[in-house]
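S.K.: Take this structure, written in structure tokens, and hold onto it; I'll ask about it next.
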Amino acid sequence: MLTIGVLALQGAVQEHLDCLHSLPGVTGIAVKKAADLNGIDGLILPGGESTAIGKLLQEFQLTPLLIAKIRAGLPVWGTCAGMILLAKTIVDQPSCHLGLMDITVQRNAYGSQLNSFTTNALIPAVSSAPLPLVFIRAPYVAKAGPNVKVLATVADKIVAVEQGNMLATAFHPELTGNLEFHKYFVAKTGKQKITFS
Ligand SMILES: NC(=O)CC[C@H](N)C(=O)O
């Protein structure tokens, strides 16, 4: 059984847990405090509001611990606000949060909540069929370093990236009913014991 944590300070936590629980051989747990990080095989940083999540990480003294665990190789996947938390640089902001991924992100890059949209894209690394992508006050990657693999672009903007043990998507696979991205991340935890049909 693989255990995947979902950072549960704010945002779309339950939606990710529901997706994880629908995968055979996978259990999802809500991560609220340092002790919850023990024994997890991977961690999802959900969408929500990156400033709020960043503040709560500081308040609960989780920032240095998370940085250390991810640097040590803990597989992590940031969705939307989670992508912003992972970024080394945030456009027009003097500081970052975890600052681990070699990407520059533009927050709210598509406008306000009203400009949220859904589209489909083929992401060959993840699935042979086009995947539904939901963008909600989403960021995009304005710049990616040489060690960053671009997994997906939409209208020439980078929206999914991978760097070693880190995966980040500007969109929300947990809101689509399509589990391909969750399967991809679970497989990425390195324990390929699980093969999904
Ligand atoms: N859906 C999301 O996670 C939105 C992210 C949010 N706009 C932020 O900047 O933190």
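Every residue gets a Cβ built from N, Cα and C, even glycine.
Okay, so TrEMBL annotates it like this:
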- Gly48, Glu49, Ser50, Arg107, Ile136, Arg137: L-glutamine binding site (BINDING)
- Cys80: active site, nucleophile (ACT_SITE)
- His172: active site, charge relay system (ACT_SITE)
- Glu174: active site, charge relay system (ACT_SITE)
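I'd like to know what surrounds each of these features in this structure.
M.R.: A 10 Å cutoff on Cβ-Cβ distances gives Arg107 (L-glutamine binding site) a total of 19 other Cβ atoms nearby, all chains included.
Taken residue by residue with DSSP, Cys80 (active site, nucleophile) is part of neither helix nor strand, so it is coil. Around the Cβ of Cys80 (active site, nucleophile), a 10 Å sphere holds 29 further Cβ atoms from the protein chains shown.
Other Cβ atoms within 10 Å of the Cβ of His172 (active site, charge relay system) number 25 in total over all chains.
Of all Cβ atoms in the shown protein chains, 26 besides its own fall within 10 Å of the Cβ of Glu174 (active site, charge relay system). Taken residue by residue with DSSP, Glu174 (active site, charge relay system) is part of a helix.
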S.K.: With respect to ligand 1, which members of the recorded positions Arg107, Arg137, Glu174 satisfy a Cβ distance under 6 angstroms to one of its atoms?
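M.R.: Within range of ligand 1: Arg107, Arg137.
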S.K.: Would you list, in sequence order, the residues of this chain other than Gly48, Glu49, Ser50, Arg107, Ile136, Arg137 that have their CB within 8 A of the centroid of the site's CB atoms, where the site is the one recorded for L-glutamine?
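M.R.: Near the L-glutamine site, the remaining chain residues are Gly11, Gly47, Cys80, Ala81, Ile84, Asn108, Ala138, Pro139.
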S.K.: Determine, to the nearest whole angstrom, how far the Cα atom of Arg107 (L-glutamine binding site) is from the Cα atom of Glu174 (active site, charge relay system).
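M.R.: Cα-Cα distance, Arg107 (L-glutamine binding site) to Glu174 (active site, charge relay system): 20 Å.
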S.K.: Widest Cα span across the L-glutamine binders Gly48, Glu49, Ser50, Arg107, Ile136, Arg137, in Å?
M.R.: 13
